[in-house]
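Since the structure comes first, as structure tokens, the remarks are kept for the end.
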Amino acid sequence: MLYRSALRASRSFTPRLASTNSRLVSSLVFLEHKAGKLNEASLSAVTAAKTLGNDTHGLLVGTKSEIENVLDRTKEIKDLSKIYLATSDTYSHSLAEPLASLLASIASAKDVSHIFAAHTAVGKNIFPRLAGLLDTSLIADIIALESSGDTFTRPIYAGNAVLTIKSSPKDSVKVVTVRSTAFDKAAVANGSAAVEDVDIITVDTPTQFVSEELTVSSRPDLASAARVVSGGRALKSKESFDTILDPLADSLGAAVGASRAAVDAGYADNSLQVGQTGKVVAPELYVAIGISGAIQHLAGMKESKMIIAINKDPDAPIFQVADVGLVADLFESVPQLVKEIDNVKV
């Protein structure tokens, strides 16, 4: 594996933070939520933050009704000692500019040493801006960190190498996104976090919310599902993708995923893509159907606890990481597998 350390050069500009005589003693976790539910990936970010041994605080933002829907459960998170609330319509759609300014303000006012978020679409949108406002490095997609708080590990080259990063002492606030599959979820039980309101920060921004289209599915969320069934280009068409994968996913209670080749061919929506440029998953069970196993796809699923691969090519790279491999025609074997599963369930 490749290891490399990097120290940033000193800067001529110092961000407006708490007094240099103040002791930076707490970590802050940005807690995502949507439609009245806390994003499970944020619980992994809490676990990462707790590694440092500091007081760990959470931040909930949104309208009054949005916060009320998730506050009770959030207070139950065992590893949080305090929850900051920023209640305003300004934060109702998670626009990056106002949220980055809010986080920067809290970092200055609350003696924060580290700010964490899950490495999700929301985190990846907000945290680069936050790092810019604080004139600090963004440390993205970490899979480990040391209790010292200045050394982090992240994958590079599609997961084929690991980079060790030592942040500069000039970065008095560390801005970090966390790969959720690399950390256990913080327990949501017996917590007793205190609640504190924070000031709303108003910023002028050219970005305005226009609309949002959400895909409604009865299946588990792909990023956090315990079981995932993914299909590749070998399914040959969108119709086959749906008719072959959906029954198996329904039988297993699984989420549906897709390789980049299947997405590019129009078989599946981009939101289902698993891989280096898609979602990174680590379910208990991952079933790869008609997926050859390109390195970009493996980067998004190789940490799965159990991998089952079905492919008619015995030399397909996917078999090198699979725990169970079946060399067979997917159009025959998958329907038969569904029948067997349903028979067992009966």
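Including glycine, each Cβ sits where the backbone N, Cα and C put it.
Swiss-Prot lists 285-313 with the feature FAD binding site, giving sequence analysis as the kind of evidence.
Fewest other C-beta atoms within 10 Å: among the binding-site residues H297, K305, that description fits K305.
Around the Cβ of M301 (FAD binding site), the number of neighbouring Cβ atoms within 10 Å comes to 27.
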